[in-house]
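For 38-57, the entry in TrEMBL reads compositional bias 'Basic and acidic residues'. According to TrEMBL, the compositional bias 'Polar residues' annotation covers 58-77. According to TrEMBL, the domain 'Cation efflux protein transmembrane' annotation covers 211-421. Annotation comment: TrEMBL describes 36-78 as region 'Disordered'. Taken from TrEMBL, the feature transmembrane segment applies to 210-231, 278-302, 314-335, 369-389, 395-414.
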Amino acid sequence: MLRWKASMKSRSLSYILPCNRLPMQLMSQVRVYTSNGQKKDLGSEDTNRSAHEETLNKAETGQDTTNAGQKQSSPKQPIQVKVKAVLKKREYGPKYTQNNFITGVRAINEFCLKSSDLDQLRKIKRRSPHDDTETFTVYLRSDVEAKSLEVWGSPEALARERKRRKEAEIKYRENLFRNQRLLWEYREFFGNTKPRSSTATMFFKGPGKVVMVAICINGLNFFFKLLAWVYTGSASMFSEAIHSLADTCNQALLALGISQSARTPDPSHPYGFTNMRYIASLISGVGIFMMGAGLSWYHGIIGLLHPHPVESLLWAYCILAGSLVSEGATLLVAINEIRRSARAKGLSFYQYVVQSRDPSTNVVLLEDAAAVLSVAVAATCMGLTSLTGNPYYDSVGSLGVGTLLGTVSAFLIYTNTEALLGRSIEPEQLQRLTELLESDPVVRAIHDVKATDMGMSKVRFKAEVDFDGRVVTRSYLEKQDIEQLLQEIQQVKTLEELEAFMLKHGDNIIDTLGAEVDRLEKDLKQRNPDVRHVDLEIL
């Protein structure tokens, strides 16, 4: 059977319809929805189509005459045409990004403006990323740029002002450094008359107190042991004097690390200076190995190669007894402090020491424990020398003290290195943090979870979170007036109005998602005080 095809084009939409006994007057029932939301009838859109329709009707009439009696005419039915309306893709260039938001501080610093210049600009309230403030004011970057050109006249003048301010800032920093240097020299010469700072109070409690007590006692022990060695010439006594000197120097280094760790974070060190305690403890362990163990081994080997008699051991015994009492007192102070801290953290004494939770107290504990044992070794070897008259026992005691110090230093180096490398927290604690996130309705899944111990019971937690968009949207809708929202929907008639409606509420939903992230971070910190830094990445 012969078929005719009619091709009709309206804007970007083409229709190809079979023309077998199809009355063309039905084409008036076809409607096209354009991208701007208007509807137009195909039959009334263009008057030039009437001639074309007449020609087609004539051809159809001739066909009907030829095929008369073969087929009855079909009933008239409207044609349903569905058109998918798609928004035109928008190109986001520099002109669009100029409408980004900028804070007042950045506007003043980057565009060399005054606070009074911003009073005339449009102000927009946005959700604050900080816990202590609800909202904060931002400005459109395009408005700020226009205002800066109005104030400075041209981009060249603005660039010159920026360069001048940069040079002035560099000069100010140089003068500040010079003034700080002069102030330090003044204090060194005339004495520091400032009132006691809060950092000094750290040495009257906790690890600071333990370190200061150890410094005083080990300093006195070194002085008396040195006198005993000069008087007796004992190799073991020389090792003990070197041991006390090494302890005094290392604990002074620990005190420096404690004071430096209390410094407030700055832009160059945003996570603070907590690791200074571990660095000081690591250097202390290396110092014990080089100074204490090395000299003790050296003196013991020299004693074996060139033995000489030991004289007047009575004074050496008295000094060793006094050293045993003083070192034992310092050891008890360190043990009590570690027990108290371990009980507060819910850990055993052994776990607290091995995990190096408090490196300063650990160093004092291990050094004093080694000191007590080394006093016992030195006294035993000196006693054997006095009983047998053989000086080799005294040299062997020096080697034993050196070996003991080497073992302690190796343990300190290992534990502090592990802490500085950023080890993970305990699996049980990590599991609690993970379960807290997964039990929240807004979280669909979490991936790539990392929790790092930053030292001194400070944890940094990081995770990639897959949020449930339906729960986030419902959280936003619960804060809206549903009836008013329904009225806004009913007033939408065109695609432009629909786009404006979606952009408005889409922006608000993104703010709601940011608020949910802030809430999760706050919950993690409140329920786990050790967690100080939380980084949640949105998938």
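Cβ from N, Cα, C; glycine included.
Residues 209-210, 213-214, 217-218, 220-221, 224-225, 227-228, 231-232, 234, 237, 240, 244, 361, 364-365, 368-369, 371-372, 375-376, 378-379, 382 of the same chain lie 6+ residues outside the transmembrane segment (314-335) yet bring a C-beta within less than 8 angstroms of a C-beta in it.
Among residues of the same chain six or more beyond the transmembrane segment (369-389), those with a C-beta under 8 A of the stretch's C-beta atoms are 218, 221, 234, 236-237, 239-240, 243-244, 247, 309-310, 313, 316-317, 320, 323-324, 327-328, 331, 396-398, 400-401, 404-405, 407-408.
For the transmembrane segment (278-302), the list of distant contacts is 235, 238-239, 242-243, 245-247, 249-251, 253-254, 256-258, 260, 356, 359-360, 362-363, 367, 395-399, 401-403, 405-406, 408-413, 416-417, 419-420, 455: same-chain residues at least six beyond its ends, Cβ to Cβ under 8 Å.
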